[in-house]
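Colleague: For reference, the structure I am asking about is given below.
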Amino acid sequence: MPPAEEEVPRGWLAAGRASRRLVLVVVFVALLLDNMLLTVVVPIVPTFLYTTEYEATNSSAAPAQAELAPPALKAPPFSSLFSYFDNTTVTISDSTSAMDTVNRTKSILPPQPPPSTPPVPSSCPEGEEFLTEENVRVGLLFASKALVQLVVNPFVGLLTNRIGYHIPMFIGFTIMFLSTIMFAFSGTYTLLFIARALQGIGSSFSSVAGLGMLASVYTDDFERGNAMGIALGGLALGVLVGAPFGSVMYEFVGKSAPFLVLALLALLDGGEKWLLADVTPPFVTPQSTKGTPVTTLLRDPYILVAAGALCFSNMGVAMLEPTLPIWMMQTMCSPKWQLGMAFLPASISYLIGTNLFGVLANKMGRWLCSLIGMAVVGISLLCVPLAKNIYGLIGPNGGLGFAIGMVDSSMMPTMGYLVDLRHTSIYGNVYAIADVAFCMGFAIGPSMGGAIVRAIGFPGLMIIIGVINVAYAPLCWFLRNPPAKEEKMAILSQECPMQPRSYSTQKTPHDLPLADESDVEAEEEE
């Protein structure tokens, strides 16, 4: 190939690696695939376990019951009688003998109820007790992903601070691909549990590295808020497509089909990312500045308030994922395709909320946007048990998704802003904490939700988590004016929507050396 032609693709790749939009696209797709796999199993797992375990057990018991049925009518053992009284032979007709045999059989068998009108066919599944127990098992399976992710996240945050963001992102894509393939061909609860836990490891790598990468290339707080809103749109789109896509594909194609499609998408995106970046893109080089330790960030009350808002708002939808499909099967007799479609209003409204409030939250204040969002989350959850059919779920689920979009699009940029304001501007650890907050919501929610439903029922579960969200909402007021260190104030934009309050810190004279002219000016000011 001539040198001039070789320079064209090289120049295109170099321009691509230097583009912030490419970073945004990569993070968008990573969150999209992660959350499609997160939600595609929601309508599949309950019905798959019901079909493979409960119905299979009952069908195997059916032949044993058939053996207990009464034997078929046989011909009488004789067809004539000889009378020694008058030396004559009396012939017995077959019809008479058959009628006598039937009468004898009826006298032995218990009386049958009189014929009545045939029952109306119902799509409600049998085995009420099995479905109640399944709430707990499905909840633990869904929670396994978040529990594993909760453990892995801090280590990924430390890893990104040392080697950058690109390699952990690629590791995440690889593990997600393996997890998706395992989901496609798993036929037992144990294998599904392992695949879900493996997904947690891949999700930890891709989400922590992706959000940290995004925060590092969008240094302006306003641009970062917009970029986070777009990236969270990928999360919303994954949630939007996942559950309906999984229910329709499972109903009309089969269990493996949706997972094979997701595996292909993960493979293509991972290959594209590897081609567009050599070893480490220019924006994601290993950090020369040491980031703030996780323990220090966890002692910051403002970061804890923001993380708690992310945790409790997402815990509501996390509790709905394993319990709502089973509740619909029990009370609404819903077919398979409706189990995933019930989450469609929440997904669409979440997509609208993240993109709308990614910009609007800068104007109205992120603390106020999050406060209103958590209150609406609680009210929407309280209204879910009032639905009598799938159409009654449109309003509560739509309000739930819109409100969670308000909280996520407000608190994710706030986490990065608090690090800029109060700590070192290295974002791997703080977004590891943000992901831990998500994981706690999606770990505690499904695992406890199934047990609570078994104890007090689905309406009681919605009341508990709804009240928690409403009660937590006023804490977002403390994020209105977070204090900042004086040395950090000099590098922050003065036009930030969150007006910080500064406070003095004790520093030795050797930490910030001043010129002679600066000393004179300082004495004059005193």
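For all residues, glycine too, the Cβ spot is worked out from N, Cα and C.
Predicted automatically and left uncurated, TrEMBL annotations should be read as such.
According to TrEMBL, the record shows the following:
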COMPBIAS  110-122  compositional bias 'Pro residues'
COMPBIAS  514-526  compositional bias 'Acidic residues'
DOMAIN    72-484  domain 'Major facilitator superfamily (MFS) profile'
REGION    105-125  region 'Disordered'
REGION    500-526  region 'Disordered'
TRANSMEM  22-45  transmembrane segment
TRANSMEM  170-195  transmembrane segment
TRANSMEM  201-219  transmembrane segment
TRANSMEM  226-246  transmembrane segment
TRANSMEM  302-320  transmembrane segment
TRANSMEM  340-360  transmembrane segment
TRANSMEM  367-387  transmembrane segment
TRANSMEM  399-419  transmembrane segment
TRANSMEM  426-444  transmembrane segment
TRANSMEM  456-479  transmembrane segment
Colleague: Flag the pair the transmembrane segment (226-246) / the transmembrane segment (340-360) as in contact if three or more Cβ pairs fall under 8 Å (sequence separation 6 or more).
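Modeller: Result for the transmembrane segment (226-246) with the transmembrane segment (340-360) is yes.
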Colleague: Does the transmembrane segment (426-444) make contact with the transmembrane segment (456-479) through 3 or more Cβ pairs under 8 Å, each pair 6 or more apart in sequence?
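Modeller: As far as Cβ distances go (cut-off 8 Å, pairs 6 or more apart), the transmembrane segment (426-444) and the transmembrane segment (456-479) do not touch.
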Colleague: I need to check the long-range neighbours of the transmembrane segment (456-479): which residues 6 or more away from its ends have a CB within less than 8 Å of a CB in the stretch?
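Modeller: Apart from its flanks, the transmembrane segment (456-479) reaches 301-302, 305-306, 308-309, 312-313, 315-316, 319, 323-324, 327, 366-368, 370-372, 374-375, 377-382, 384-385, 414, 445, 449, 498.
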Colleague: Could you tell me whether the transmembrane segment (399-419) and the transmembrane segment (302-320) are in contact, taking contact to mean 3+ Cβ pairs under 8 Å with a sequence separation of 6 or more?
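Modeller: The transmembrane segment (399-419) and the transmembrane segment (302-320): touching, yes.
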Colleague: Check for me, if you would, whether the transmembrane segment (399-419) reaches the transmembrane segment (340-360) - at least 3 Cβ pairs under 8 Å, residues 6 or more apart in sequence.
Modeller: yes
Colleague: Can you give the mean pLDDT for the domain 'Major facilitator superfamily (MFS) profile' (72-484), rounded to a whole number?
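Modeller: Reported value for the domain 'Major facilitator superfamily (MFS) profile' (72-484) is a mean pLDDT of 78.
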